[in-house]
């Protein structure tokens with residue numbers, strides 16, 4: 001909210017970024033350990049204008065205090081919980097503990113540690129680093145009003161067939177040939193907003209949003225690939241993106257909107273020849289992987305009543 005300062009509109013916020021914390025839970029009954037590693041960023045909207053215009057810091061929550069709060073709250077969590085629940089916990093602390101703070105925004109990026117399998121058995125305390133990252137961002141107002149968004153970063157998917165691109169605009173600058181047979185690869189970034197509008201309305205299961213994240217990721221991947229034997233044809237990245245977004249909204253009623261970014265990462269056919277002969281003739285087998293330049297495709301899909 002803007003303040004009137006010396007004849008101007010003035011808006012401000014402050015916070016602490018990239019607070020890294022790891023939390024381990026040890027189940028005494030079966031000695032199985034669970035762990036998470038989070039990168040936490042905090043931004044506070046608060047009534048501390050005097051620190052900017054009058055050299056009066058009496059209303060500032062120090063960013064070092066914010067950092068320490070992350071570790072204190074992690075320590076207090078005796079049971080495993082989702083990144084979303086932890087973000088709400090931290091944000092709610094700042095809006096309830098400090099009268100100056102009107103709104104807290106907490107973003108978490110979870111490092112993808114996965115339990116390892118040894119001889120087909122889940123290891124009690126062994127983990128390996130995966131690829132895609134789970135993200136969460138919450139905005140909590142002092143009244144308890146909530147905006148909750150989750151996401152995926154770096155979901156890399158590829159299929160070697162069942163993809164084409166035809167019928168696009170052709171003009172004097174067009175060199176791309178039409179095809180019904182190509183590789184399709186992308187790195188999905190997804191953001192989805194939940195319909196919960198207050199802190200008190202979220203599910204009580206502390207791992208609900210972790211389970212929902214895994215389910216959404218599975219839905220996105222399954223829609224991209226199609227059935228394991230026959231797959232599903234993609235006429236464009238755009239068409240596949242829409243089907244993926246629609247699958248999520250159709251399956252999960254508590255998700256009100258979803259945004260997908262899916263760059264078209266090209267695998268170019270390799271043809272090599274000299275004046276004398278053909279050295280390599282492409283036969284849907286040898287490709288040159290490239291990551292730039294790449295096509296940039298993104299879109300959002302929402303229910304009519306969504307606020308996204």
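Each residue, glycine too, has its Cβ placed from N, Cα and C.
Quick look at what TrEMBL lists:
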type     : residues                        : note
ACT_SITE : 16                              : active site, charge relay system
BINDING  : 63, 64, 165, 182, 237, 238, 264 : 5-hydroxyisourate binding site
BINDING  : 63, 264                         : O2 binding site
BINDING  : 63, 64, 165, 182, 237, 238, 264 : urate binding site
ACT_SITE : 63                              : active site, charge relay system
ACT_SITE : 266                             : active site, charge relay system
Discussion item. I'd like the number of other C-beta atoms within 10 A of the C-beta of residue 63 (5-hydroxyisourate binding site), please.
Written reply: 15
Item to complete: Pop the Cα-Cα gap between residue 16 (active site, charge relay system) and residue 63 (5-hydroxyisourate binding site) into the table, whole Å please.
Response: 5
Response to the item:
Listed in sequence order, the residues of the same chain lying six or more positions from residue 266 (active site, charge relay system) whose CB sits under 8 Å from its CB are 185, 289, 290, 294, 295
Item to complete: List the same-chain residues at least 6 positions away in sequence whose Cβ sits under 8 Å from the Cβ of residue 237 (5-hydroxyisourate binding site), in sequence order, or say none.
Response: 184, 186, 262, 264, 295, 297
Worksheet entry | Under 8 Å by Cβ from residue 182 (5-hydroxyisourate binding site), same chain, sequence gap 6 or more | 163, 164, 165, 267
Discussion item. These are the recorded positions: 16, 64. Which one scores highest on other Cβ atoms within 10 Å?
Written reply: 16
Worksheet entry | Spatial neighbours of residue 238 (5-hydroxyisourate binding site) that are distant in sequence (at least 6 apart) but have CB under 8 A | 297, 299
